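Chemist: Dumping the structure here so I can ask a few things about it.
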Amino acid sequence: MRKGGLTPDRDRQIEEHELQETGISPDIERLKRNINATPYQREEEEEDREEQEESVEGIFESREVPSWKKQLTIRAFVVSFALSILFSFIVMKLNLTTGIIPSLNVSAGLLGFFFVKTWTKMLHKSGLLKQPFTRQENTVIQTCVVASSGIAFSGGFGTYLFAMSHRIADQSGDVARGVKDPSLGWMIAFLFVVSFLGLFSVVPLRKIMIIDFKLPYPSGTATAHLINSFHTPQGAKLAKKQVRVLGKFFSFSFFWGFFQWFFTAGENCGFNSFPTFGLRAYQYKFYFDFSATYVGVGMICPYIINISLLLGGILSWGLMWPLIETRKGDWFPSNVDSSSMNGLQAYKVFIAVATILGDGLYNFCKVLIRTFSGLISQIRGKAGSRSSLAHKEDPPASPASPLTPRISYDDQRRTRFFLKDQIPSWFAVGGYVVISAVSTAILPHMFSQLRWYYIIVIYIFAPILAFCNAYGAGLTDWSLASTYGKLAIFTIGAWAGSDHGGLLAGLAACGVMMNIVSTASDLTQDFKTGYLTLSSPRAMFVSQVIGTAMGCLVSPCVFWLFYKAFDDLGLPNSEYPAPFATVYRSMAKLGVEGVSSLPRDCLMLCYVFFGVAILINLIKDCLGNRWGRFVPLPMAMAIPFFLGPYFAIDMCVGSFILFVWERLDAPKAEAFATAVASGLICGDGIWTLPSSVLAIAGVKPPICMKFLSAATNHRVDKFLQGSS
């Protein structure tokens with residue numbers, strides 16, 4: 001007898017064989033049954049036939065599912081470590097340039113499949129292959145890589161952690177309120193202390209989230225379908241073609257970055273300072289900077305995000321900032337530096353902050369309402385079904401009854417394997433308590449402003465917020481980790497107060513909260529992927545833990561490389577301005593200081609944009625999907641407010657390329673667009689490693705390509721002729 005029972009196809013074959021043995025034609029018997037059947041039974045049989053054709057697990061039924069220990073292979077973690085370094089560089093670069101980070105799940109799954117498939121093929125030819133490459137192992141790699149590179153975001157290297165530094169404090173003009181400059185030792189220790197709690201907080205709820213509530217987790221589901229498709233014969237062929245395309249554009253992007261480097265010998269030199277629309281437009285950051293990374297990001301991000309970014313850039317740098325600049329000497333002092341928080345920079349930062357907070361608050365409330373209404377519906381539904389069974393005097397409904405929900409073969413098999421390897425609740429609760437105790441003891445020594453009782457309060461509420469974030473992400477595919485972090489900034493910062501280091505306490509609390517809720521939603525997303533690929537929950541948990549540990553080591557080292565290689569890291573007009581670091585410090589400053597330090601009419605404009613962000617979201621939801629998808633996103637519109645629209649132009653170029661490609665050849669665009677985009681992002685992202693090494697070694701580019709107006713060029717020529 002085979003394991004796992006009979007597949008629908010096998011059941012049908014046995015039934016037809018038995019009918020033939022009795023001399024009855026299966027087709028005639030099926031026709032008789034169809035005539036005598038009720039409409040509902042005919043519908044059931046039709047659904048059964050469709051299920052037999054569409055069953056995913058039916059395809060893999062003959063393949064043995066490895067035990068959870070065999071899913072965790074050495075080769076999987078070697079490949080994961082290599083890919084985590086690659087993706088950490090990519091995420092770090094995006095984090096320190098614009099803060100816009102697209103989903104890299106597809107790239108991680110595709111590259112993981114390619115590397116291990118190549119490895120196993122070589123071993124197979126040499127006769128040393130002991131274990132074939134399975135979709136479960138592919139899922140382990142995907143989970144580990146995403147967990148590791150996720151630390152590059154939740155670790156705060158472009159937000160709360162870098163916001164503590166002297167470099168960002170100088171721009172905000174509040175050095176006296178406390179600084180803590182980056183150091184490799186304390187950053188690694190901090191991440192190890194705070195990054196694992198979220199994993200333990202949601203482990204006991206995995207069955208409720210995945211099986212009982214059947215939350216969709218769109219990203220996790222899409223990743224699982226991708227991995228399942230890789231391991232079918234047709235999917236493997238397509239994956240090879242996709243990897244080939246990715247490799248071509250990776251090479252192009254890498255060598256394009258290398259070529260551009262030769263022309264960047266000075267400030268504002270090179271192709272990334274090309275005045276595409278003229279020098280006047282360039283002054284207000286309207287130009288195409290030839291960034292392969294953001295062209296690729298534009299191909300991945302939805303059209304509405306790219307359009308929203310461009311609209312935000314036009315509204316701010318094309319209209320608002322030139323108008324406010326004319327009020328110099330009236331609304332703010334005329335003698336302040338352009339980067340001073342007492343001048344125009346304050347309007348750029350705080351209006352963006354107000355818009356982000358308005359958008360975040362609206363979506364926070366919306367997701368919470370959906371979360372609690374969904375929970376109430378689930379609880380009522382279960383209570384109703386139990387009471388109806390308890391009081392029902394009639395015999396149970398037949399399998400054909402519409403009262404009994406049908407469970408597909410795929411769901412039966414997936415549920416059986418998902419519940420097979422349990423993670424004990426005592427282990428999860430005990431782990432949370434132990435790590436909380438260690439963290440509460442260590443963190444006050446790292447941040448003297450962060451008192452032990454602040455940390456205990458955070459850890460009491462964190463599991464509730466982690467559950468809310470994980471449930472909300474399951475419904476909407478939207479993690480609100482940064483919003484919960486901002487909530488911690490304001491609450492802990494205000495509690496500590498300005499005179500007791502509230503600014504640093506708020507930023508540190510943000511890091512604690514953000515890491516907990518972010519890893520919690522990531523793990524439940526991975527549980528969904530594991531459920532759909534028959535990967536063991538234990539394997540998913542161990543992979544997430546190992547990936548998180550990798551991230552706690554790799555991400556600080558990558559950031560440290562950037563920090564040491566680029567002296568202007570974090571400055572407004574540099575290659576890596578780290579815009580959200582300024583935003584987070586400004587939020588912390590607001591939390592402890594209030595709004596009294598803002599320039600004239602800045603507060604009024606903040607109120608207006610806060611309200612407009614909520615109103616736009618309300619209009620978007622009221623219009624529904626048909627028309628609401630054309631309404632811009634306030635969060636995306638706010639990012640260019642202090643950064644400029646140049647990267648939005650890059651992303652719109654990516655959108656335009658994708659749009660034209662879809663019109664010319666939609667099937668190929670659907671199959672290869674993500675591979676092209678991933679190649680562009682990965683190649684340019686990995687170029688930052690050699691460029692950082694060259695900068696640390698003191699190797700300078702040989703040429704400065706700079707653009708001047710005719711009048712300035714004439715003066716320069718005259719000066720050079722005079723000096724000669």
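Each residue, glycine too, has its Cβ placed from N, Cα and C.
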Chemist: Labelled phosphoserine in Swiss-Prot - which residue from SER25, SER398 would that be?
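Modeler: In Swiss-Prot, SER25 carries the phosphoserine label; others show none in the record.
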Chemist: Excluding the flanking five residues on each side, which residues at least 6 beyond the ends of the transmembrane segment (184-204) place their CB within less than 8 Å of a CB in that stretch?
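Modeler: Same-chain contacts beyond the ends: 151, 154-155, 161, 423, 425, 427-429, 431-432, 435-436, 438-439, 442-443, 446, 459, 462-463, 466-467, 470, 511-512, 515-520, 522-524, 541, 544-545, 548-549, 551-553, 555-557, 559-560.
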Chemist: Quick check: do the transmembrane segment (349-369) and the transmembrane segment (541-561) share at least 3 Cβ pairs under 8 Å, counting only pairs 6+ apart in sequence?
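Modeler: No, the transmembrane segment (349-369) does not contact the transmembrane segment (541-561).
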Chemist: What stretch of 144-164, 455-475, 478-497 shows the most Cβ pairs under 8 Å to the transmembrane segment (541-561)?
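Modeler: The listed stretch sharing the most Cβ pairs with the transmembrane segment (541-561) is 144-164.
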